[in-house]
Amino acid sequence: MHQPVLLHEIIQLLDVQKEDTVVDGTLNGGGHAKEILQGLGPGGTFIGIETDKRILETTKKEMPNPSDARTHFVHANYRDARAIMHKLGVTYADAILLDLGFSSHQIQDPSRGFSFQHDGPLDMRYNQSQGDPAYVTINELSEKELADIMFAYGEERQSRKIAKAIVEHRKKERIIRTGQLKKIIGDVLGTKPWGKIHPATRAFQALRIYVNDELGNLAHFLETVPSLLAPGGRCAIISFHSLEDRMVKQSFRNFKKEGVIELLTKKPITPTVEESTANPRSRSAKLRGVKKNDSH
């Protein structure tokens with residue numbers, strides 16, 4: 001079961017009214033969306049965007065019949081929110097939500113290749129109809145390119161050693177499974193007891209971010225936030241690692257300096273001890289929110 005992170009805090013921050021237009025850019029399992037839809041009335045509009053087609057189809061079936069609000073479910077990337085809204089005849093949104101975490105369904109499905117906990121094909125794409133799977137990156141990029149990806153996107157200090165081992169290994173055989181990559185990383189970093197995270201975590205994170213162009217998508221979206229929001233409209237973004245949070249924080253601060261928005265969160269909101277205990281994957285979540293000034 002996919003548990004929505006910071007659900008109560010999101011509902012409070014977005015303060016959705018019955019006739020609002022709401023865009024959920026990362027529909028995922030629909031945990032936030034179900035709660036938001038309950039607050040919308042006949043005059044409201046809900047647009048749920050999801051890049052993973054399998055998850056979109058499952059979530060659509062599980063969504064309750066909303067209270068007569070107009071609902072649209074779109075298979076796309078949230079970076080294209082402007083074009084999606086335009087196509088649906090929507091000019092502005094009163095509330096926008098992004099939850100940048102991946103789904104527990106993706107993690108638990110070995111065929112998707114997101115996790116080193118289960119052996120499976122090294123795919124890692126959210127949208128399996130677009131782009132190259134992760135094994136193409138692993139087998140075709142140079143040692144330097146692989147090291148740079150792991151260092152930049154995973155903040156992996158041993159990136160050069162891991163990249164060298166990958167290139168050596170692929171001389172013998174192609175690396176096409178998560179189990180292969182996990183073993184290569186384990187051989188480099190050792191198998192002694194580790195702290196909170198497994199030694200393969202950073203490299204797998206880096207590869208996932210690169211394959212899906214996650215930071216590029218976020219950067220593109222952040223530039224459009226003021227143009228998407230109606231005056232007084234709110235945007236809330238949940239991030240799960242420092243690279244994303246840094247981008248969100250800087251972008252919101254820049255818009256504040258320009259007088260376009262006001263910050264709803266001077267410091268990020270993080271999960272309570274109770275939520276972190278009940279849902280360990282929420283531990284690293286950080287929520288930031290803004291409100292567009294009425295004069296813009």
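Here the Cβ of each residue, glycine as well, is placed from N, Cα and C on the backbone.
The S-adenosyl-L-methionine site recorded in TrEMBL comprises G30, G31, H32, E50, D99, Q106 together with one of Y78, Y135, namely Y78. Local packing around the Cβ, expressed as the count of other Cβ atoms within 10 angstroms, is greatest for E50 among the binding-site residues E50, D99.
Once the Cα atoms of G30, G31, H32, E50, Y78, D99, Q106, the listed binders of S-adenosyl-L-methionine, are compared pairwise, the greatest separation found is 18 Å. Among the listed binding-site residues, namely G30, G31, the Cβ with the most fellow Cβ atoms inside 10 Å is that of G30.
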